């Protein structure tokens, strides 16, 4: 621990024992797993090859690469890396570089110093893994990896100890159990400071989820994914399926076949991470959303919600945004306030925005809208007649729509008559706008199935949905969902029921448990795992500043960050103190068994106090000599005492112990008294010299 | 290593704070607490150990002198112990040894001798880095048993006359314990210093005086027979000669200023002579210490 330059004991340049190396390699492979689907495939593959190379070197099959080859490797890998990164700097790319560095380190790992370097960077890799994966299973994988590392270190430090492996695991586990309470307390009470700086975590790589543009067909791709989008827990009653419209963003500009946002979000400075929505009691109207990372900054909300946690804020059109793209799971809280009173009227600029149409295209649809408008009294009846048309005529809701090129709305309405929600929402908005009714497309999710225990709803990617909102004078924005007219089962029973006949539900996702959800066991297991992860996410991963404050506010007393800091420091001090007291008690017990040792301690202390420089490890006679140097007058008694000590320890046999030992002790006490008295006499002069 | 590890933990804590990542917090706290627990582990890995120097070896200057230590464990394991000597002057090689509970095991510490005489280990440092190598626990031992380092054997470049004082009087000096002398002609193989040069001056014939005693044909190795040579070098020459005699099985005596070793043969005698050579001129304090 002390940084002196003594001949260090474990020779740092020794060969790494294979039994330690194998644990290190295993830990590396384990810690690479969470990175596997994040990194381009070549990268982890090369890392595995390089680690395997190091193992073969240990077996003596091949040699470590020479300097030139190693440099070549390094340059090649960095070059490939730079081309894939192409100038973006995020934590994501930095983490990839980190993995490359670890891979390259394997082929220059020779001594046990390198072993420590690898140990340190692999521990950090475990931390980096947590940035990207926080599920309970990945947590277990990471912690197991760290355990492997610690076992490897023990073997490195005692390679030929008998039973090192079993003893190592036992030692580690007992350490784990003994220290667990402190870890938990620290976890609970360590002040969760707010982040210090903000670096984007991921490089905007395409994640599954809705995007801010929509061409017909986009959402039907999403319908092939059973990945979770978010989970919602309601404080009060769970709204019925037909009210579960999770609004994400509004697309109001049609450009050819593509719908986009007419007012893209203004660029804002990247905010710091705030992924905690607090843990206070959920009010009757409140609901908590635990959203999986989307890489986007929009939040999903039911209509008529207001923000109840400070990591989301409401923007126009009843939408919510985060401070920064959600690159980690985010929990936020909203409160249902019912429909806001309708605004008086749309402003001219809004009218222009929500009536925007391309100059030409889709002539047949325009004609249809005009015909319908003539036969309608007002906007409401126009909408009804559009929906009636969808309901009564042979329109189909399908995941396998035909290709529609050119005037896609015309083709959908008059030729194909087969489409997905995005097609119908687009066509409906088009018709409404031609008829002069302000309309917009809303993209988000619709539905959600209850999780295990019914505590929360799970909304998955295949619940992605697009619908229409139309402006009705006096009523404000009103939801119009053409899909509900064509396939009511999509709204009430979800996508699975809606496409049951077609059999296209998750047809390309063989591995998804949702595909087999008609098998009760699969369904049960999948939901239980989800519940476990939910609780994990909710209480462990999501335990951040706001949650901490909410929890601690239930404890008596005022808890601020400062108090928490003091408490944690006190906790650490307490832990160290307990350890120290235990050691001291053990030491005391040893002294109690040996009163003479205590005398020696007193003697040393007295000598030190009178200015004698005593080093650790000095023997009694050496101390006596040092005393003699400082104060010749005290030399005699000191030597006598030292000799008496030797006699006590080395001459007396066990038979002589007992009564004789008692006398011995008394005699030593008397001698010590004399020796100390002598030293006291010389003390002033000792100070002067 | 401990400082590096602490630095790593701080970096991890910063990462955890900045990305509000509870799991990084958890990992950091876990490792931090393991670190503190390792302090106790490392300490208790050394505590209860009794280390004794049970044998100090002998050897020549420049050789590696072995010191045999015995470690006896108390109630728990004392694993991965290393023993070393402080100070650059006594370069030491390190050993690693495990001592199981309630048993003992021997460790050899090898020290390179740089000068003849008593070799007292300065401060022996016993340390352990078990279990993780991040922390070190150590203790000191000042063994009082010394090793004995003989002078480095060096063969004298030319055989030097060693009977000078005897020849000056013209009478062949009679060594104590020798009965009579026989004068015989020089023959191939006789050392030049055994030639009776006075007699040669008188008679022109090279003759050798051969002493006959109970020990047969004793040969005195004399400190005084290398005039003008440095004391240490003389001792080295004598050491080489002692070893030569020992090899050939001849009996010999050793004469140092103020100290004679009677002619004798056998390994015990050789060792005695070597010791005398090793300790020649060293003050009594060292031997005092040896006694202690």
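Glycine is treated like the rest: Cβ placed from N, Cα and C.
Automated prediction, rather than curation, is the source of TrEMBL annotations.
Annotated range for transmembrane segment in TrEMBL, selecting from A:39-56, A:93-110: A:39-56. Cross-referencing A:68-83, A:196-211 with TrEMBL places the feature transmembrane segment at A:68-83. Within the chain carrying the transmembrane segment (A:172-190), a Cβ under 8 angstroms from the stretch's Cβ atoms is held by residues 147, 150-151, 154, 543, 548, 551, 564, 567-568, 571-572, 575, all 6 or more beyond its ends. Beyond its flanks by at least six residues, the transmembrane segment (A:564-585) meets 182, 185-186, 189-191, 548, 552 of its own chain at Cβ-Cβ distances under 8 Å.
For the transmembrane segment (A:16-33), same-chain residues at least 6 beyond its ends with a Cβ under 8 Å from one of its own Cβ atoms are 44, 47-48, 51, 54-55, 58-59, 99, 102, 106, 109-112, 114-115, 118-119, 122, 125-126, 129, 141-142, 144-146, 148-149, 151-153, 155-156, 159, 164-165. Sequence-distant contacts of the transmembrane segment (A:138-160) (same chain, six or more residues past either end, CB-CB distance under 8 Å): 10, 16-17, 19-21, 23-24, 26-28, 30-31, 33-34, 112, 115, 119, 122-123, 126, 129-130, 168-169, 171-172, 536.
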